[in-house]
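Chemist: This is the structure I have questions about; it appears just below.
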């Protein structure tokens, strides 16, 4: 009976140790994707949005005209794709 208790205790202790090691390595790996994403999506001066003379899709069209291929929705005042009944 003692051998069975000892083997169960060692098995349980091994599983706990395995869990701790996996958790520690996973927490270190979590920093890598954050660093990678922050370097990929870093916004510099080169990537600023240009100001257009026309409004694009789902942009307000109160003051600006919609770009070609879009129409101003009379209900929402957004630039939307033209539907067959709007032509």
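In case you wondered, yes, glycine gets a Cβ from its N, Cα and C as well.
OK, Swiss-Prot features for this one:
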type	residues	note
DISULFID	54-67	disulfide bond
DISULFID	61-72	disulfide bond
DISULFID	66-79	disulfide bond
SIGNAL	1-24	signal peptide
Chemist: Quick check: of the disulfide-bonded residues listed here (54, 67, 79), which one has the Cα closest to that of residue 61 (disulfide bond)?
Modeler: 79
Chemist: Long-range same-chain neighbours of residue 79 (disulfide bond), Cβ under 8 Å, sequence gap at least 6?
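Modeler: Listed in sequence order: 55, 56, 57, 58, 59, 60, 61, 66, 67, 70, 71, 72, 73.
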Chemist: Which residue, of the disulfide-bonded residues 61, 72, has its CB surrounded by the fewest other CB atoms within 10 A?
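Modeler: Taking 61, 72 as the disulfide-bonded residues, the minimal 10 Å Cβ count falls on 72.
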Chemist: If one looks at the chain holding residue 54 (disulfide bond), which residues at least 6 apart in sequence have a CB under 8 angstroms from its CB?
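Modeler: Spatial neighbours, sequence-distant, of residue 54 (disulfide bond): 64, 65, 66, 67, 68.
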Chemist: Mind telling me which of the disulfide-bonded residues 66, 67 has the densest Cβ neighbourhood, counting other Cβ atoms within 10 Å?
Modeler: 66
